[in-house]
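Asks: Structure in structure tokens, see below.
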Amino acid sequence: MLPLCSLPKKASSFLHSLSLSLSAMEETQIASILKSSELYPIPQSVKLSYGTAGFRADASLLESTVYRVGILSSLRSLKLKSSTVGLMITASHNKVSDNGVKVSDPSGGMLSQEWEPFADQIANASSPRELVSLIKDFVEKEEIVIGEKGGGEVWLGRDTRPSGERLLRAAEIGVRSVLGSVAVDVGVLTTPQLHWMVRAKNKGLNATESDYFENLVTSFKCLIDLIPINKLEISTLVLDGANGVGGQKMEVLRGYLSNLDVEIRNTGRDGGVLNEGVGADFVQKEKVVPLGFGSEDVGMRCASFDGDADRLVYFYIPSESCGDKVELLDGDKILSLFALFIKEQLNIIGDEGKQCRLGVVQTAYANGASTDYVKEMGLEVVFAKTGVKHLHERAEEFDVGIYFEANGHGTILFSESFLSWLVGKQKDYSEGSDKHNAVSRLVAVSNLINQAVGDALSGLLLVEVILQHMGWSVQKWNELYKDLPSRQVKVEVPDRTAVVTTSEETEALKPLGIQDAINAEIKKYQHGRAFIRPSGTEDVVRVYAEASTQEDADSLANSVAQLVKSFLGSS
Ligand code: 16G
Ligand code: MG
């Protein structure tokens, strides 16, 4: 507790006037926040928004934000009966000088969207007084009781960015400024590791990083043992670790796995810079090889993680490749491979298996050819707004819901009821029978693939075991369908919020008239499809276009970008 006398005089008199009207927050609590927030003044002229996936900015601007998110995380924990909440310091695929912060709810999923406006408000509060007032109002509204029934618990993780440690200290102070709350530094982790650990902790399961690795190793091995005849020589996988945390964690994991031969490049230890010319975002957007890869790798099976290892894409360099072009197997191709494998197991189980509601969630960015492919497989396909939290929510509607963004974010969710049905069937079917093997595979998949959030490490292990199961090379996998050529461009405009879209982001409702103009352009192209949306992470409007040739996709994207400029003006 902080003695009042240690407060600056001004703050102390404010405290007295405020505390007279406070019921939910005690004087000592207010004093604690006032005092610690003096350490983290908000930088001038910065307006931050929680956005699609937390706050992100130049790391030098973020201490006050991270401190305040620390406070929010303690309150979130208190609101949910002191369950453990996660706070991750990362800016994912952004440049190394940026950083960011996001919160994992006790379920392991993203922070409840209902709390995002509060996150925005406190991040932008211009003074300690305003901060305290906002917190006081929120605590009262949410009926959060501080200090009576024990405090909150927040686990703090960070990626490998040099600014991470300093920001983590700010988060600790924020967490602890809510009286009775504890901050646990769980070290350098991938984002999905932290989400997994938080979920496990709140389920009363073993929740350390070693438990995470053990879980992956056991379920991977189980799936390998269930491969009927191993038709494929295990060939080397070459991994691009984006010079970030994912490659380093893969090095640890590799030590425990005997059925995976993986060479790891871009670990960040050889002088490479995080996300610079490397990583899943770079490879997916540019469709070129990351640094450290070249003609000597032609035909090899390669994969890329992003900076915090929640995105995964595969690629290979075709023999006829001119320059540095790659053949990309993106989130859509990974989703299709997973869907095929799961469907195969359900078919083996027979009529009962076919009753399982297996569904797929994509965004408007999904390549049209992938959507056709999964629909032809007989699966239900739904579309969600961009951003993991939106896809995750829709995937929970199924017994088995597979969701992926084309950029490589995704996972497979198993409903509790379907999972217990599977476990029951494991006992019913005789061991070694086809049906027993199929249900055992599905149970192992549910353990291997991160149920909290998309996870590049666990996704990679599942791709690898399915390829071994099918006896497929990366080239054979790529033949599942042929991507329609596509192009993405971004347009800088004075106000991106002038673009309002439908919930699935496939059509623009505002500015009025723009959708008709886009439709008129689309009509000019065979297999033409295009949409616009305001970015959730950058101050731009994004344009996506697809058509039967690359030339047409480029041309459609450019004409839609011109429309955006003429309706919104360019900045
Ligand atoms: C964030 C999202 C990602 C989304 C991307 C879109 C999470 C964890 N990450 O990186 O899912 O695809 O934003 O960015 O939700 P944009 O709005 O700038 O296009
Ligand atoms: Mg990421």
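Cβ coordinates come from backbone N, Cα and C, glycine included.
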Asks: Given that TrEMBL annotates ASP306, ASP308, ASP310 as binding Mg(2+), state which candidate in SER83, SER92, SER97, SER104 belongs to that site as well.
Replies: SER92
Asks: Please report how many Å separate the Cα atom of SER92 (active site, phosphoserine intermediate) from that of ASN407 (substrate binding site), as a whole number.
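Replies: Between the Cα atoms of SER92 (active site, phosphoserine intermediate) and ASN407 (substrate binding site), the distance comes to 13 Å.
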Asks: Quick check on the recorded positions: of SER92, ASN407, whose CB has the lowest count of neighbouring CB atoms inside 10 Å?
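Replies: Among the recorded positions SER92, ASN407, the sparsest Cβ neighbourhood within 10 Å belongs to ASN407.
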Asks: If you count every Cβ pair below 8 Å, which range out of 148-202, 207-313, 490-562 shares the most with the domain 'Phosphoacetylglucosamine mutase AMG1' (330-472)?
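Replies: The listed stretch sharing the most Cβ pairs with the domain 'Phosphoacetylglucosamine mutase AMG1' (330-472) is 207-313.
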Asks: Taking just the CA atoms, what is the gap between GLY536 (substrate binding site) and ASP310 (Mg(2+) binding site) in Å?
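Replies: Cα to Cα, GLY536 (substrate binding site) and ASP310 (Mg(2+) binding site) are separated by 17 Å.
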Asks: Specify all same-chain residues, apart from the site residues SER92, ASP306, ASP308, ASP310, whose Cβ lies within 8 angstroms of the center of the Cβ atoms of the Mg(2+) site, ordered by sequence.
Replies: THR90, HIS93, ASP159, THR190, THR191, GLY244, GLY246, ALA280, PHE305, GLY307, ALA309, ARG311, ALA456
Asks: Where the criterion is a Cβ under 6 Å from an atom of ligand 2, which of the binding-site residues GLU405, ASN407, PRO534, GLY536, ARG542 meet it?
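Replies: Within range of ligand 2: none.
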Asks: As a quick check of your reading of DSSP, tell me how many residues in the domain 'Alpha-D-phosphohexomutase alpha/beta/alpha' (148-202) are helical, how many are strand and how many are coil.
Replies: 25 helix, 13 strand, 17 coil
Asks: With Cβ-Cβ distance below 8 Å and at least 6 positions apart along the chain, what are the contacts of ARG542 (substrate binding site)? List them in sequence order.
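Replies: Once residues fewer than 6 apart are set aside, ARG542 (substrate binding site) is near GLN488, VAL489, LYS490, VAL491, ILE532, ARG533, PRO534, SER535.
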